[in-house]
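Per TrEMBL, the features are as follows:
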TRANSMEM  20-38  transmembrane segment
TRANSMEM  64-86  transmembrane segment
TRANSMEM  92-117  transmembrane segment
TRANSMEM  129-146  transmembrane segment
TRANSMEM  166-184  transmembrane segment
TRANSMEM  205-227  transmembrane segment
TRANSMEM  239-261  transmembrane segment
TRANSMEM  273-298  transmembrane segment
Amino acid sequence: MGIVGDLQHFVMTDKALHDILGVIGSMLVALASLSTLLTRQRNPTLSRWLADPKASPAKRATEVWFLGYGFFWILCFAGIIASQVYLQFTEVTFFVVCGGLMLPLLLQPVLAPSVTLDQGKPLLERHSFKANVWIAVFSIIGNYWYTHYFYNVLGASYTFRSWDVNGVPIPMFFATHFYFCFYHTLSNMALHKVRTTFSPGSQRLLFETCLVLVMSYVTAFMEAFTISGFQCYSFEDRYMAWVLGSAFYGIYFIVSFPMYMRLDEDDKRRHTCFDALIESLASGMAVLFLLDFVRVAMGKDMTLSLNRPCKLDASKTCHPFTGMRC
């Protein structure tokens, strides 16, 4: 049938895809309806997607950097998954690839602050450094704790060969950092656009709240959909993982998108690095509570294990490494 034929058949027949597109379509219709209640700002030239270049030049430059670098790592991951070269990866390869893609983001504030217009500032006052701290802390919490909710609630499993921490592959900590830098830049752009295009008020607040909900769900689904070709990450029930799991994963972003937007948004009071750290930790705790409320409501027990199943049972390691402990 060929790749095109297989894709066409999948799009036409897959129930999970149809249902989730129906959910997203309904969300977009609701969002469009709410937009009719908004009042535009008198000065349309103030409308923008990025941070104010005069009030927050470093924040704007950081958004541009994260966005541009996002396209680079997406191309890298797309090539790795499409070519299935990852099937030849070892523990070292996964570590080096994901760690290598993360390093430019971490090193830029230290070695190339001019990229984000942070030159001349102490390291802890550079916006790009504070942004990395915020994302890194939230990402570490997410991997260290939230991954076990995916294991227990959604039946998710990582089955590739990797060194682990607390039952979570170490490369996932690295990958989450550059994924989240990109996601939160896109959410910032959408929120900037709303806040600079429409007049403040209860209608805009309602629209912005719904926009965050929609962005959270769509972001979660798009990640699940785009990595579905990665054979070494799977779910017991793909339908539940896509349709309901996207809402579960979206809880991360319901909290983090508006909270990350706060970082250096007020030009009269810049965040300190400590502020960024505390707000990220607070966001992480809020998400943890929400995930656990959902788990309890679903009647799911929580079991934490230091070892992934494929560490104990070699038959659960993904192809072509089946028979080898991951």
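Counting begins at 1 with the first residue displayed.
Each Cβ is built from the backbone N, Cα and C atoms, and glycine gets one as well.
Of the two recorded stretches, the transmembrane segment (92-117) does not lie close to the transmembrane segment (239-261), with fewer than three CB pairs under 8 Å once pairs fewer than 6 apart in sequence are set aside. Put simply, of 20-38, 129-146, 166-184, the stretch with the most CB pairs closer than 8 A to the transmembrane segment (64-86) is 166-184.
Residues 198-199, 203-204, 206-207, 210-211, 213-214, 217-218, 221, 242-243, 246 of the same chain, all 6+ positions outside the transmembrane segment (20-38), place their C-beta atoms under 8 angstroms from a C-beta of that stretch.
If one looks beyond the transmembrane segment (205-227) by at least 6 residues along the same chain, the residues whose Cβ comes under 8 Å of a Cβ in the stretch are 17, 20, 23-24, 27-28, 30-31, 34-35, 37-38, 81, 179, 183, 186-187, 190-191, 194-195, 198, 233, 241-242, 245-254, 257-258.
Here the listed stretches are 166-184, 239-261, 273-298, and the one with the most C-beta pairs under 8 angstroms to the transmembrane segment (129-146) is 273-298. Here the transmembrane segment (166-184) has Cβ contacts under 8 Å with residues 66-67, 69-70, 73-74, 94-95, 97-99, 101-102, 105-106, 131-132, 135-136, 138-140, 142-144, 147-148, 151, 158, 160, 219, 223, 253, 256-257, 260, 304-308 of the same chain, all six or more residues outside its ends.
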